[in-house]
Structures are given as C-alpha cells and as structure tokens.
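Straight from TrEMBL, the features:
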type	residues	note
ACT_SITE	H96	active site, electrophile
ACT_SITE	E168	active site, proton acceptor
BINDING	N10, W11, K12, G174, S214, G235, G236	substrate binding site
Amino acid sequence: MTRRPMMAANWKMNKTIREAQEYTAALLPRAADSEDVDVVVCVPFTCLHEVGRMAGDSTVIAGAQNFYHEDSGAYTGEVSAPMLLDVEAGAVIVGHSERREVFGETDDMVARKAKRAVEAGILPIVCVGETKEERDAGDMWEKVSGQVGQVLEELEDAGGESLVFAYEPIWAIGTGDTATPEDAQDAIGKIRDLLRETQGDDFAASVRILYGGSVKPENAAEIMAQEGIDGALVGGASLEVESFVELIGAAQNAVAQTEQ
Ligand code: PGA
C-alpha cells in the first residue's frame with residue numbers, strides 16, 4: 001500500500017487575515033505543481049474561513065490547530081467539529097505539545113478529540129512526543145506508546161486513512177535541534193509496529209506518520225528519504241510561503257525518487 005506524503009504547515013499563533021490571504025494566493029498555484037503530496041495549512045481560527053474559502057476545490061487542505069470534542073454548548077472560548085466543517089476545514093491538529101504543556105490537555109482529552117474529528121470526517125493530525133528529560137531517561141517509548149495507545153482505544157473501528165500521527169519530540173520543536181533522521185525513523189517505526197499489533201496490518205499500512213520538530217528546507221530531503229516517514233508537520237519554516245513551497249517540493253522529490 002502506498003501512502004500519499006503530507007506536508008502540513010502549523011502557523012501557530014501567527015498571521016492576520018490579510019497575511020493569510022497573501023500566503024494562500026501564493027501557495028495555491030505552487031502546491032498544484034506537487035500533485036503527489038497532500039498539502040495542509042493549519043491556521044488560526046480567525047483565518048480559517050478565508051483560507052478554506054480560497055483553497056476551495058484546490059489540492060490545499062485548510063486545517064485548524066485545535067477544537068473541542070463537544071458539538072455545542074457552554075464551553076466558552078471553544079470551537080467544535082461542526083463549526084470547523086462550516087468553514088470547510090479538512091484537517092485539525094490534535095494534542096500538539098504546546099496544547100498539552102501550556103494549556104494542560106491530557107491524553108484523555110486528546111483521544112476524545114481524535115475520535116470526534118474522525119467521526120466528523122475531519123482528518124486529525126495527532127501529535128505525540130517526549131521531552132528531553134524523558135528521552136535522556138530512556139522513557140521515550142513509554143511516553144509515546146501511552147499517547148498513541150490512548151487514541152487507539154477511543155477509535156474503535158475507524159480506518160487507518162482517517163487519521164494521521166505526527167511524532168514531534170518536544171525538545172526538537174522550535175529549537176533548531178532536529179532529531180536525527182535515524183531517531184525519527186526509529187520512533188516512527190515503533191509507532192507503526194504498535195499500530196500493527198493492536199489494529200492489524202491494513203490499518204498500520206494506511207496510517208500516515210509525520211515527523212515534526214525544526215524541519216526546514218536544509219534537512220527536509222534527508223527526513224523525507226527515510227522509509228516509513230510520510231511527511232512533516234512544520235512550524236517556523238512554514239511561515240514564509242517560499243520556504244514551505246520548498247518543503248512541499250522536497251516531499252514531491254522523495255516520491256519521484258522512490259518511483260525510479
Ligand atoms: P517547528 O514546529 O517546525 O517550528 O519546530 C513544529 C511544530 O510545533 O509542529
């Protein structure tokens with residue numbers, strides 16, 4: 001089974017609507033050149049309607065960076081899955097380490113969000129990853145397998161193509177300190193083995209697993225060349241459209257190389 005590579009931008013808390021319009025207008029024709037890559041742009045809620053409208057039927061998928069698993073009600077400050085569908089979001093980041101660390105999201109909350117997104121037909125990009133202390137203590141896999149396992153328990157009979165995992169070691173996010181391609185591949189390989197053991201071969205073969213953490217044009221080719229790494233979730237280097245286009249190009253080249 002071949003999985004379509006994905007290049008996903010995470011703008012975090014950046015850009016006004018005007019800036020989002022300029023970026024999206026520049027991105028759309030360039031993304032269309034990379035027809036073998038799924039391009040996702042996860043933007044602040046305030047920009048989502050506009051980016052979703054501009055993306056329309058193009059190959060670019062507009063995504064959110066978070067949502068709440070209930071559909072409506074007394075949840076001040078939150079946005080629901082039906083609201084995301086209303087603005088044509090096709091994807092949503094779930095459980096980003098900044099949500100977990102700054103806003104106190106637990107594995108249980110993350111798992112509920114992943115489940116609700118899948119039910120709603122919005123592709124969740126579920127983030128997992130360890131801190132530096134956990135890695136140094138040899139606890140990387142205990143942490144990551146716990147995070148992945150809780151999501152899988154909630155999912156029941158969802159198909160593997162209905163969600164994406166992003167392995168994002170916390171010490172590599174926004175630090176310029178990328179995991180070595182081998183470390184990234186090792187963690188991602190372990191995640192896929194866990195998917196196979198718990199959900200079966202077809203599920204494991206169809207889930208896309210991205211790497212995230214200081215991905216930039218200089219290291220993208222090497223990361224994308226690793227067997228089993230299906231793409232990247234990119235923060236800082238996605239903010240400039242030219243740099244994000246280069247990353248999409250690296251994913252497209254990786255496809256071309258495996259086809260040779
Ligand atoms: P970074 O962020 O690319 O700036 O390290 C990645 C992320 O937080 O998703």
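Glycine is no exception: its Cβ is also placed from the backbone N, Cα and C atoms.
This view paints the features noted in TrEMBL onto the structure.
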residue : record                       : DSSP (3 states)
N10     : substrate binding site       : strand
H96     : active site, electrophile    : coil
E168    : active site, proton acceptor : coil
G174    : substrate binding site       : coil
S214    : substrate binding site       : coil
G235    : substrate binding site       : coil
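Selection of the binding-site residues W11, K12, G235, G236 by a Cβ distance under 6 Å from ligand 1 yields, in sequence order, G235, G236. Sitting within 8 Å of the Cβ centre of N10, W11, K12, G174, S214, G235, G236, and not among those site residues for substrate, are the Cβ atoms of I173, V234, A237, S238, L239. In the structure shown, across all protein chains, G235 is the one of the binding-site residues G174, G235, G236 with the greatest number of other Cβ atoms within 10 Å. Under a cutoff of 8 A between CB atoms, and with a sequence separation of 6+ in the same chain, the neighbours of E168 (active site, proton acceptor) are H96, S97, C127, V128, G129, Y211, G212, G213, L233. The number of other CB atoms found within 10 A of the CB of K12 (substrate binding site), across every protein chain shown, is 18. In sequence order, A172, I173, G174, T175, G176, D177, T178, G236, A237 are the residues of the chain that are 6 or more apart from S214 (substrate binding site) and have a CB within less than 8 Å of its CB. The substrate site in the record is lined by N10, W11, K12, G174, S214, G235, G236, and its two most distant CA atoms lie 14 Å apart.
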